[in-house]
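Peer 1: Got a structure for you, questions after.
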Amino acid sequence: MLNADLKQQLQQLLELMEGDVEFVASLGSDDKSNELKELLNEMAEMSAHITITEKSLKRTPSFSVNRPGEETGITFAGIPLGHEFNSLVLAILQVSGRAPKEKQSIIDQIKGLEGPFHFETFVSLTCQKCPDVVQALNLMSVINPNITHTMIDGAVFREESENIMAVPAVFLDGQEFGNGRMTVQDILTKLGSTQDASEFNDKDPYDVLIVGGGPASGSAAIYTARKGLRTGIVADRIGGQVNDTAGIENFITVKETTGSEFSSNLAEHIAQYDIDTMTGIRATNIEKTDSAIRVTLENDAVLESKTVIISTGASWRKLNIPGEDRLINKGVAFCPHCDGPLFENKDVAVIGGGNSGVEAAIDLAGIVKHVTLFEYASELKADSVLQERLRSLPNVDIKTSAKTTEVIGDDYVTGISYEDMTTGESQVVNLDGIFVQIGLVPNTSWLQNAVELNERGEVMINRDNATNVPGIFAAGDVTDQKNKQIIISMGAGANAALNAFDYIIRN
């Protein structure tokens, strides 16, 4: 089941095990059970620390990752390959006794949860943001015996996942808990546990504090650290929106990579320098005083710095039409790579004729029954090579000069209405899912009245990446820089860093 290269990598990782692990498998006579049995046997053959026993569990096929004679609460229902294979390997290492790479303060928060908490996460194996949630809840299960977690592959357990329209979908004790990417800190916050503000209030002032974790932030942090400046990053997650990007083929010198790989490499590069990286928390306010620039965090802690670089990126732009908000995660989606498999053999729409929209339509055409692409303009805006590929597909329709007006459906999406801009006629297309790909909205709601924003909510900067407030700089997709590309954001981050350094020298 595992190819030679993957086996070699796995062999090296399993050598890091620090104790014994027992797979407790619930298997039937079906094909998926046979596939799971083959996978578990292959892994057991690679390490003397792994044994397999069979036992009836809640779902078949499934298996728990336990210590001999001790249940950890970690279960995989289905076959955790694809993006979830890393989740399985990490669970094995942590259950074996390998210390988690998590801050002690977070570990203490997890230990302090009283519970019991029984989590279930529905995933698709092509979902790039699902492993973050699975790995976070698995870690919590390893640390706290009052927590259990089951990963459920929706493609295997279709009856259970029939009404799941977006992944990851997390349930706590049978009730919906959350959708989309969540960090350990996000989960802890939803459970009522917050980071101690004193952990942040006791920090010495920075020379440069970078707010955000994407490509611009990473670039800025590395450049300022190399200048010998005391540098800090405060961010929800390293990689930012790039984490949700499937393929990256235009980052020069790297022919092809994925968003998750890029983000992982960025985090590793940042870790090579003396940079105080604070993740899992967001900024809520910024103000300049006579002595310093003060950044307030969501736990009310305050960080001080001589300069600040704002690089909080952007989020998916919504259609803002009736029915959309009500049916998000119920047929309205934003990530085709994550949620596409949930619409296998169904009819879907993609809204947006730029590169992202056309790429989404191409990817979805290989999974779903039919794709209808809507573009407001009179022609598509995507690169010609993508348009040619799209038009060659037999199960794709393209509607230009189409203004979407309403998402239709009661409990779930059943259609979309649009106006033909050439005729003025209103029409309805019956379908099961809608993927919105119409660009991004800058994450600047926390900056109102702090720095100058344009009519689109973007931070206005000059050629030095400086804002209208001395000492506050900005870079990346959060700014009014016209073109939004990873490579451009990284250059902007470096430019902001060098000009922040120059500002410190002169002030």
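The count begins at 1 with the first shown residue.
Heads up, the Cβ atoms here are built off N, Cα and C, so glycines get one too.
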Peer 1: If you have Swiss-Prot open, could you say which of Cys130, Cys335 makes the disulfide with Cys338?
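Peer 2: Checking Swiss-Prot: disulfide partner of Cys338 resolves to Cys335.
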Peer 1: Give me the CA-CA distance between Ser219 (FAD binding site) and Asn355 (NAD(+) binding site), in Å, as a whole number.
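Peer 2: Distance between the two Cα atoms comes out at 25 Å.
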Peer 1: Quick one: pull the CA-CA distance for Asp347 (NAD(+) binding site) versus Ala475 (FAD binding site), whole Å only.
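Peer 2: It is 39 Å, counting Cα to Cα.
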Peer 1: Counting only residues 6+ away in sequence within the same chain, which have a CB under 8 Å from the CB of Cys335 (disulfide bond)?
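Peer 2: For Cys335 (disulfide bond), the qualifying residues are Cys127, Gln128, Lys129, Ala166, Asp244, Phe435.
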Peer 1: Test of understanding: give the count of other CB atoms lying within 10 angstroms of the CB of Cys338 (disulfide bond).
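Peer 2: So the Cβ neighbour count for Cys338 (disulfide bond) comes to 24.
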Peer 1: Where's the emptiest Cβ shell within 10 Å among the binding-site residues Ser219, Asn355, Thr467?
Peer 2: Asn355
